[in-house]
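Structure first, commentary second.
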Amino acid sequence: MATTTGVPSPPAAGPGEGGSLPRKRPLGAEMLFRGTTTAAGTMVLVIIVAIAVFLIWQAVPALTDNDANFLTEENWYANDNPPRFGIAATAFGTVLTAVIALLLAVPVALGIALCLSHYAPKRVATPLGFIIDLLAAVPSVVFGLWGRDYFFEPVQGLSRFLHENLGWLPIFGSEGPYGKSVLLGSIVLAIMILPIVTSLSREVFMQTPAQNEEAALALGATKWEMIRTAVLPFGRPGIIASVMLGLGRALGETIALALTLGGVYKVSFDLIGPGGTSIAANIATRFGEANEVGRSALIASGLVLFAITLVVNMIARAIVYRRREFVGGSA
Amino acid sequence: MAKRIEAHGVTAFYSSFKAIDSINMTIEPKSVTALIGPSGCGKSTFLRSINRMHEVLPGARNEGKLLIDGQNVYDNDVDVTAVRRMIGMVFQRPNPFPTMSIYDNVISGLRLNGVRKKSTLDDAVEKALRGANLWNEVKDRLPRPGAGLSGGQQQRLCIARAIAVEPQVLLMDEPCSALDPISTLKIEDLISELKNRFTIVIVTHNMQQAARVSDRTGFFSIDQTGDPGRLIEYDDTSKIFTNPSEKKTEDYITGRFG
């Protein structure tokens, strides 16, 4: 590039020097990155749609053959001719065990999380936090086996106790025999989702801006009042998200429930009697022995599970979204 | 009822590091006292030592005596929450509770005191927001989030939150450092009004501000990094800014140091 002044000129001719501005590069790194991320984003939609299409396509044969009403039938005789099956009992069992597991796990999980984030001294909280994360990574079959072997008898005793003292409540009405039951399954499930809920909500609680905590303390809040004023409201969306993740895990849990539920196909709120089943456990225990129609029927139940989790997630989103303008950090 | 603050040998530590050493100071009721000095000289630490917010940080502790109307707030059997309810605080950055509405932010202190009656709360909100010169700007949007206001409005919201519980003392830790000049002027006007009701202590880096708003000024400094901060000079603001007794003070306010 020729210059008359001897000053080194910029590599591309600048405006006003007679040269033109650099052209847009259609194949630059910018466009490549944009394309990659867009493709990755689109992938999510493609996968979701593909799963839904596969489930519906595979489920249709069994649903058309079905001799019973798929939505209201409790029993599962999908291998019979004509097949009679419905998701009433399994779907009910899925939601029931998951909800009880949440009721048991969430208060404890939030308690542990708050203890680790705001009460325990740092040298205790850090290793405990690691252990919690480790626990979250334990495979569910291990929980299932452990729950079946170590919780079976304690839960039998607990069931007897509940029946004797609270037997007038229909949920504790069963006279036994006690063993594999909704209660046992829910307890194991609760322990399973405890670490994930704890781990996520601890993370959220620790992100509470120090300035908000100090604002509460300076107003004369006690520690618990500070947590109620600053930490919990700030963590609300995070708590909901972690609970929903736990719920998602509970709804889809297979082996642990297959090992601890009674496998009785009945819509019942009886928690302590022999009984309980879930969609995922039903699929796991029956898939091997299923014939062609049976398999298609199980896929139909999978479609229902897919729909339930979708609805649950949408509700969670709606709850978080409703308060969106209140969740942003302050200036 | 504004109260007198007396510091006798107030010393503050962060773990083993001594941040301020033996501060002695008497702050008269219904006056504005400005604390000035270079960064890291311990003026904010001293301010936070007045309402025992210093000890909130892990490893932080205080020594000495701090008397509010003759009562030592460092006494072991003193309820620290009662101390903090008596002494309101405004922080450097506006920190309204992000999840709360303007209304809820103002009454958050009253809620902590157990006030539940709607009419009492409504009156307190109006009084506090009027006191903070914010009422006219927000009266039509009290249910809106406090975090949606401008920075200056947020800081006045925080002042309203602090004065809603009718404290005796109001501590302000560089309340205008995150604000633009117009918002700063509004807060300074507000300080002059609040002086009639509260004892005010304000930490500021802005010497014009100290000169404008305060009756008395305390100059803090450190000899070198790592040394504890000391109160070098404490006198009427007019004296400090026109005829300081200490060479160090003069160097600082004339811009030769710090």
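The backbone N, Cα and C atoms fix where each Cβ goes, glycine too.
Any TrEMBL annotation is an automated prediction that lacks curation.
Annotated in TrEMBL:
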- A:91-316: domain 'ABC transmembrane type-1' (DOMAIN)
- A:1-22: region 'Disordered' (REGION)
- A:32-57: transmembrane segment (TRANSMEM)
- A:85-116: transmembrane segment (TRANSMEM)
- A:128-146: transmembrane segment (TRANSMEM)
- A:178-197: transmembrane segment (TRANSMEM)
- A:238-261: transmembrane segment (TRANSMEM)
- A:297-316: transmembrane segment (TRANSMEM)
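Outside the transmembrane segment (A:85-116) by six or more residues, the chain places 62, 66, 68-78, 125, 128-129, 132, 182-183, 185-187, 189-194, 197-199, 201-202, 204-205, 227, 231, 239, 242-243, 246-247, 250-251, 257, 261, 264-267, 269, 271, 276-280, 282, 297, 300-301, 304-305, 308 with a CB less than 8 A from a CB of the stretch. Contact check: the transmembrane segment (A:238-261) against the transmembrane segment (A:128-146) gives at least three Cβ pairs closer than 8 Å, residues 6 or more apart, which meets the contact criterion.
Here the transmembrane segment (A:32-57) lies next to the transmembrane segment (A:297-316) in space: the count of CB pairs under 8 Å, restricted to residues six or more apart, reaches at least 3.
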